[in-house]
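Peer 1: Can you read through this structure? Questions will come right after.
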Amino acid sequence: MLYTSLIKFLTKIEKYPNFHAYLRESRRNKTVFLSYKRQSVPPMSSQPASSLAGAPTPAAQGTAFRVLSAISFSHLLNDMIQSLILAIYPLLKANFDLSFGQVGLITLTYQITASLLQPVVGFYTDKYPKPYSLPVGMGFTLVGLLLLAVAPNFGILLVAAALVGMGSSVFHPESSRVARMASGGRHGMAQSFFQVGGNVGSSLGPLLAALIIVPHGRGSVAWFSVAALVAIFVLFHVSRWYAAQRAASKGKPAARRGGTAHLPRGKVMFAIGILLVLIFSKYFYLASISSYFTFYLISKFHVSVQSAQIHLFVFLFAVAAGTMIGGPLGDKIGRKYVIWGSILGAAPFTLMLPYASLFWTGILTVAIGLILASAFSAILVYAQELIPGKVGTVSGLFFGFAFGMGGVGAAVLGQLADSTSIDFVYHVCAFLPLLGIVTIFLPDVEGHKKTAAA
C-alpha cells in the first residue's frame, strides 16, 4: 500500500516542470524533497480552473491550447474587422473622391492611434494588470466599425479609423501577454499561434469585402458588428481565465529567470534599436502591399477590383502561413537565424516583383508573404527575452511601432504615388528588405540563455 501511494505521488509531482531541476540540484546538496516542499506547490485540485482552460495554471500543466485557441480566434475577428478599412479603400476613394494622400491619411490615423497608445497600455498593464480590458478594447472597435458604415464625410471616416485603432491598442499588448502566460514555455510557438489568427483575419478582410461589401455597398460594413460581439463574448471568458491565473499566483515567489538573457543595458538598447530597424523595413514594405497592391494591379494589369482583392487575399493568407512557421522554427533553430532569413531572404523576390507579369506577380507575392511574415514572432519573443518581466511594454512597443511604421509608410507611399506613379512605389520599396543585413549585429541571446541556465 505504501509502495503504491509513493508511486502515485512521484508520478504526480514529476509532471511539474521544475521537478527535474530540483532533482539535479539535490544530487549536490541531498535536500530535494525538503527544498521542493518549501516551494509549496498546491495540489491540482486547489488550483483555479475556467471553462476555457479546464486545468491548472499553464506553467504547471504545459501549453494551454484552449486559451491560445480562444485568444487566436479573437485576434482573427479583431484583425478581420480592422482589415476591412484597407480592403474597402477603392470603395471609399470612389464614394468620397479621395486622393491617394487622403487614403494614406486614413491608414495613418488608424495606425498612429494604435501605435502611440500600445506602448502606454503595455507599460501601464505591466504595473497594473487589467484582465477585463480585452472586451472593453473590442468595444471601441465595435463603435468604430459602426461609425465607418454610416460616416457622412472624410472627417468622420478619420474618427472611425481612430476608434478602431484605440481598440487595437488595448487588444494587442494584453492578448500577447495572455499568449505568453498560456505558452507553457514554448514562447515562439505561442506567439505564432496567437499571431496567425490575426494574419488569417487580415487575409479574410479583402475576401469578405469583395463578396459582401462591394456588391451591397458601404452600409454592409455594419453587418460585421456580429463578429465584434462574438469577440467580446470570447474575450470575456479569456479575461476570466487571466484573472484566475493572477489570483492563483498571488503570494507565490517570482519564477526563476534562468531561461532569459542577461546582457548589459547598453547592449540591450542597441539590440532593441536593431530590431526596430528590421520592423521598419518589414512593415514599410508591407504597407506598400496592404494599402496599394490593389491599385497597382488595377493600374498595371487592368484587372477588376474584385480580382485585385482576391490577389491581396492570397498574399495575406501567405503572410498567415509564414507567421505560423516562424515561431516554432525560432524555438527550434534559434530566433536570430529566423530573423536573418526572413528579412534578408525576401529581398530577391521583392527586387523581381516590379518587372514580373501578372502570373509571376502572384507567385512572387506569395513567396514574399511567406518569408517576410516569419520574422515578427521571432523578433517579439527575442525582444521579450532581452527585457524579461516587461511583456506588456515590449509587446506594446513592437506592435505599436509596427503599426506606426505601417501608417507612416502608407502616408509617405501615398504621397509618392500621387507625385510619381504607383509603379514607381514598388521599384523603391523593392530595396527595403536589404536592411535585413543589420541582423548580423544582434547579440546571441540563445548563447547567453544557455550560460545563465548552466
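Any Cβ shown, glycine's included, is placed from N, Cα and C.
The feature domain 'Major facilitator superfamily (MFS) profile' is assigned by TrEMBL to 67-448. If you look up TrEMBL, you'll see 104-125, 145-171, 192-214, 220-243, 268-298, 310-330, 337-356, 362-382, 394-412, 424-442 marked as transmembrane segment.
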Peer 1: Would the transmembrane segment (337-356) count as touching the transmembrane segment (424-442), i.e. at least 3 C-beta pairs under 8 angstroms with sequence separation of 6+?
Peer 2: yes
Peer 1: Okay, the transmembrane segment (220-243) and the transmembrane segment (268-298): do they have at least three CB pairs under 8 Å, pairs separated by 6 or more?
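Peer 2: No, since the transmembrane segment (268-298) and the transmembrane segment (220-243) share fewer than 3 Cβ pairs closer than 8 Å, they do not count as touching.
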Peer 1: Return yes if the transmembrane segment (145-171) and the transmembrane segment (337-356) have at least 3 CB pairs under 8 Å (sequence gap of 6 or more), otherwise no.
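Peer 2: Judged by the Cβ rule, the two regions do not touch, with the required three close pairs absent.
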Peer 1: Go through the chain and flag residues at least 6 beyond the ends of the transmembrane segment (337-356) whose CB is under 8 A from any CB in it; none is fine as an answer.
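Peer 2: Here the qualifying positions are 275, 278, 281-282, 285, 322, 326, 329-330, 363-365, 367-368, 371-375, 378-379, 382, 423, 426-427, 429-437, 439-440, 442.
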Peer 1: Could you tell me whether the transmembrane segment (192-214) and the transmembrane segment (220-243) are in contact, taking contact to mean 3+ Cβ pairs under 8 Å with a sequence separation of 6 or more?
Peer 2: yes
Peer 1: Give me the mean pLDDT over the domain 'Major facilitator superfamily (MFS) profile' (67-448), rounded to a whole number.
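Peer 2: So the average pLDDT across the domain 'Major facilitator superfamily (MFS) profile' (67-448) works out to 87.
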